[in-house]
Amino acid sequence: MAIKESDLPKDTKTAKGAGASRASPPASGRTKGSGRVNAERPVRTLYGEILSRMNCSRMFIVAALFAALAAVAQFAYYYGVVMPKRISQKCELPTVGFEHDPKIWGTFRSHLYFGLRARHELSPLFGMMWYQQPGVDGQIPRIHHWCEQDNGPSRYAWTVADGRTFGRQSIRDGSMDLFTDWLNDGPIWTARITTKSTTASNYALLFYFALQDEKSKLYAFYKDNELDYFTGESELFGKFSVNFSTSADFASRSFVALKTMEHWDLSQMKELALSATVIDRHRRMLRLQSLYFPEDSVPELEPRLIMLQINVPSNSSTEISFSVDEKEPIKGKKFSEILEQRVEEFNKKFETTYGLSAKGYSDIYLEMGRMALSNMLGSIGYAYGFNVVQSSYSSKPSHYGPHALFSTCPSRSVFPRGFLWDEGFHQLLFRKFDPSLSLEVPSLDTFLLVLLLNCFGLKTRSRQRFTIVWLVGGFTAPDLPEYSLSVVKIIASWLDKMNIDGWIPREMILGREAEQRVPAEFIVQRDSIANPPMLFYLIDKYLDDENHSKQYSDQLKKFYPRLRLWHSWLNATQLGKRAGTYRWRGRNATTDDELNPKTLPSGLDDFPRATHPTDDVSFCKHFSTLLQASHLEPTIRLFLFIYLPGQAAKFVRTSL
């Protein structure tokens, strides 16, 4: 049967036609034999080439998309993960801190009216509290523990102290004068608490001794069911003992002891004392419960905190002594003799340095001068813990540390923590330098007038903080090498707080006790906020003194890499909009609470500035501090070339 072309499927007809077309040579083409090529490209070959090109385009697009996604992911990872973590990374440059004896006790709990500890994060803690016995049953006593501005004693001040080996403090609380004297001899120390009053009244003195680590132990010894003394063991001090001696009768004692760490907190010591206080109706006084608190605590554990209360009359004397390795504690007459000897030595050095007596100034001026210096030295504190910080690349705060800070806190009631730029002024007072380099103020009378504001009970924040500026201008530090070494140690302590970018927190709020003294909105430290680099000026003053620059050449050499990194960070992050200008960050431009928003980063918080902060504002002070820092760098390099010619070139080359 013959099949017609019309009966074939359309595709078949097309294929057949195509086959016929391929079979019939084109009119214009050349045969294979004659070397002629077809002018029309085959359809399938063209289609395949188009597909190939499309595949290449798709692959390119896919590759480009993957590359873009990878770049976005890398960008997001870098700025979302890497950069936010940099704020908590410590500087990788060699640390510049100094070795110290961690067993030496001092008044390094400067936020208390009286407290002692060693410069070690796990040091035992000693503290004192007191209150006047209320005259009405059920009345809650007002316990004094932390230095307070509004509800505390009318006056408190170190009358003479060196901040390291001894101190005498006078406290006025109502009609009672309370005196705290202390001294140390290596790892042992003794404190004498004396009360004097012109009115008949009774007071409660509370002394506590707290352990901070799990391995240390306390062993209490009793007499007539009351605490007599206690001993202990720790990895830091080995075996030690704490003894009490008082002019009050033994029956006036009471105590409370805690066995487990979860039942107490250093920041809640007053609350603990109140919760353990009962009414002694026989004596009509308040006292502690004289038991382990809580009573159902783990029986096999030894106490970790012991608090002793001694109810004393208006005039009394109490001694607390800490001794190690069965060494004889310093007590009684021996204590008085050593204390008087150290006071006399301090006064002689003070007069040798300042010569106020030789200049004809009366005793009141000498007393005020010694008190001003002693309050600075007695306010040196030790803090350990983490900073709460927030990166400019993150919306959440994080922790930076742990840190151990050795710093001066002269405003013990309001600012009991380290401030970066304040420290430079504090150390100008401490540093030892040639008397010919001493700075001058308009008159010594002006200096002493401002001194009155700080030393005799006028308690205004601005006065307390800015008095030190006048002290720096008018007071030459004692000519004592050990004080100067303390200055270098404190500078090193601050420089070691630098992070990997060169940023140093402007406030060091370390530990729960410190955090409770700061409003919540100021606890978080942000890495966009700077502080005037006053330490540059302080170090420059060291370099101005040929004797000191030689004496501390090794220490200054260690400082340089961190100072250079700090300067680079300041110069990169604090720029203004116009070239060569600088601007403080951190002013609140949206607040309705202040006409002139504070400029906390500048250090001069309340100094009048533009009422509406903008990014167009520049600050002359910021420029001047960075100019000082820029001046210091070549000074250090020149100093190294002069005094360390064999090492300076290598050091400067690697540091830059």
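Every residue, even glycine, has its Cβ placed from backbone N, Cα and C.
Taken from TrEMBL, the feature compositional bias 'Basic and acidic residues' covers 1-14.
Annotation comment: TrEMBL describes 17-30 as compositional bias 'Low complexity'.
Taken from TrEMBL, the feature domain 'Glycosyl hydrolase family 63 N-terminal' covers 104-250.
Sequence annotations record features per position, and here TrEMBL assigns domain 'Glycosyl hydrolase family 63 C-terminal' to 331-441 (among others). The domain 'Glycosyl hydrolase family 63 C-terminal' (331-441): residue composition by secondary structure is 53 helix, 24 strand, 34 coil, according to DSSP.
The domain 'Glycosyl hydrolase family 63 C-terminal' annotation in TrEMBL covers 487-616 (among others). Mean pLDDT of the predicted structure over the domain 'Glycosyl hydrolase family 63 C-terminal' (487-616): 83.
Annotation source TrEMBL lists region 'Disordered' at 1-37 (among others).
Look at TrEMBL and you will find 588-607 (among others) tagged as region 'Disordered'.
Long-range Cβ contacts of the transmembrane segment (60-80) within its own chain (Cβ-Cβ under 8 Å, at least 6 residues beyond either end) map to 393. Residues or ranges marked as transmembrane segment in TrEMBL: 60-80.
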